[in-house]
Amino acid sequence: MDSMLIVNPFDALDQEFYHSLPPELWVVLLNTSIKSSINLAFTCKQFFQLCFLLKSSTNVIKLAVRNGCIHILKYIDKIKLIDTSHSKNTRFELSDIQNYLRKACKYGHLSVVKYLVGRGADIKAEKSYLTGPITNGHLEVVKYMVSMGVDFRYDDDAMLREAALKGQFEMVKYLCEIGSDVSSKNNLTLVWAIIGGHIDIVDYLISKGADYRQINNPLAWACHHGHFNIVEYFVDKNVDIKADDNLALRQAAENGHLSIVKYLVDLGADINAKNSCAIRWSSRQGHLNVVQFLINQKADVNAKDNYAINHACKKGYTDIIKCLVESGAEFKHNNNYCLRIAAGKGHMSIVRYLVEKGSDYTDLDNYAIKSALCNCKFIVAKYLINCGVDLRDNNAYILRYCLKKSSIPTKLRIVKFALDTYHDVNLITNCFASITK
């Protein structure tokens, strides 16, 4: 290591300069969570000589900025005045200074922010510089940026909305105190606070004039995101739980928030509103506990042309299908549509269940196995063959149909499946001869 250091361009550096470094510099370095691969470099007085020897592309300045090491940044500047030939990983390039500023703002290192501004960084170059410190709650950095003239109200108070969404209560209060409008963009800040689930901010914004009555169903927003306390908050304010054809209940059901569903039903929400949308949407999204509750409340399982079971079959929710069937859902409707869609999607457990319950797997000219083959769902196809379907029947009509309709890669996979199943090359040859006529 010593021989390597002799040829290093930093050997000529005045050693007195190292010895004159403030002790707190090394304390900061030792206590900073910087990547272990350069810890030695950060704690050795031959710091930049070691950085020069590093083969990694580690950007020392970037790490120093991220970790708030203001002493390192000042040291780099001081070194540059003595020798500008040091490693590219320790150069303070003005072309990168704006990126460094963005990171310093994001991580809340006020001293670094001020230093970079002093070095020429333009704190007003991008309005988005505010986003990082606001969403991460770095209030002092935001105050400094505002004092430097950064526009905190751009895009109709976008920063206030960001703070509300992220739950930065103190930031919200500060922005309101210096002039942000809680009602901008049709009370959108309040909507974002509801979405984020921050009831303290919701209450504060309303106290400052945000009008929840001008929002398109604030209760539904809270239900959609599962924020029970905000649901109760708006119920206490006499918001109509049945507004927009019971949208609040539908949103809670679709997103699986059972406790909210029960709460709204207890308050009188209509489970069968809009063609029993609550059970339809909860079935489509796979929320078994909500489906079971709604069934116990006498929801119509066959509403809107058997929507609930159709979509459960499409998505592959076996438990929900069983629950619906046991509660009277029609599963043979529309020429055994449920079986056909499950076969094409490859949902083997559903296919088996429906066949065992009596679904006709040969309906519509054996549509189920044709759908399975064309979608390369060969486990389902094998099961249906075991149930009695024969691809060789009717001059191999099923096989010819699938080969004709499929892409070349799918054709090859179907051919392999047929050969593995019947071990008959002539079967394949005759099929191709027929479909190419």
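From the backbone N, Cα and C atoms, a Cβ is placed for every residue, glycine too.
It should be emphasised that the depicted structure is a prediction, and the values quoted were computed from it without experimental measurement.
Listed in Swiss-Prot for this protein:
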type: REPEAT; residues: 56-86; note: repeat 'ANK 1'
type: REPEAT; residues: 96-125; note: repeat 'ANK 2'
type: REPEAT; residues: 127-154; note: repeat 'ANK 3'
type: REPEAT; residues: 156-184; note: repeat 'ANK 4'
type: REPEAT; residues: 185-213; note: repeat 'ANK 5'
type: REPEAT; residues: 214-243; note: repeat 'ANK 6'
type: REPEAT; residues: 244-273; note: repeat 'ANK 7'
type: REPEAT; residues: 275-303; note: repeat 'ANK 8'
type: REPEAT; residues: 305-333; note: repeat 'ANK 9'
type: REPEAT; residues: 334-363; note: repeat 'ANK 10'
Model confidence over the repeat 'ANK 9' (305-333), averaged pLDDT: 98
Other parts of the chain folded back onto the repeat 'ANK 4' (156-184), taken as Cβ under 8 Å at six or more residues beyond its ends: 130-131, 134-137, 139, 142-143, 146, 190, 192-193, 195-198, 200-201, 204-205, 208-211
Long-range environment of the repeat 'ANK 8' (275-303) - Cβ separation under 8 angstroms, sequence gap at least 6: 245-246, 249-250, 253-258, 261-262, 265, 309, 311-312, 315, 317, 319-320, 323-324, 327-330
Cβ contacts under 8 Å made by the repeat 'ANK 2' (96-125) with residues that lie 6+ beyond its boundaries: 61-62, 65-70, 73-74, 77, 132-133, 136-138, 140-141, 144-145, 148-151
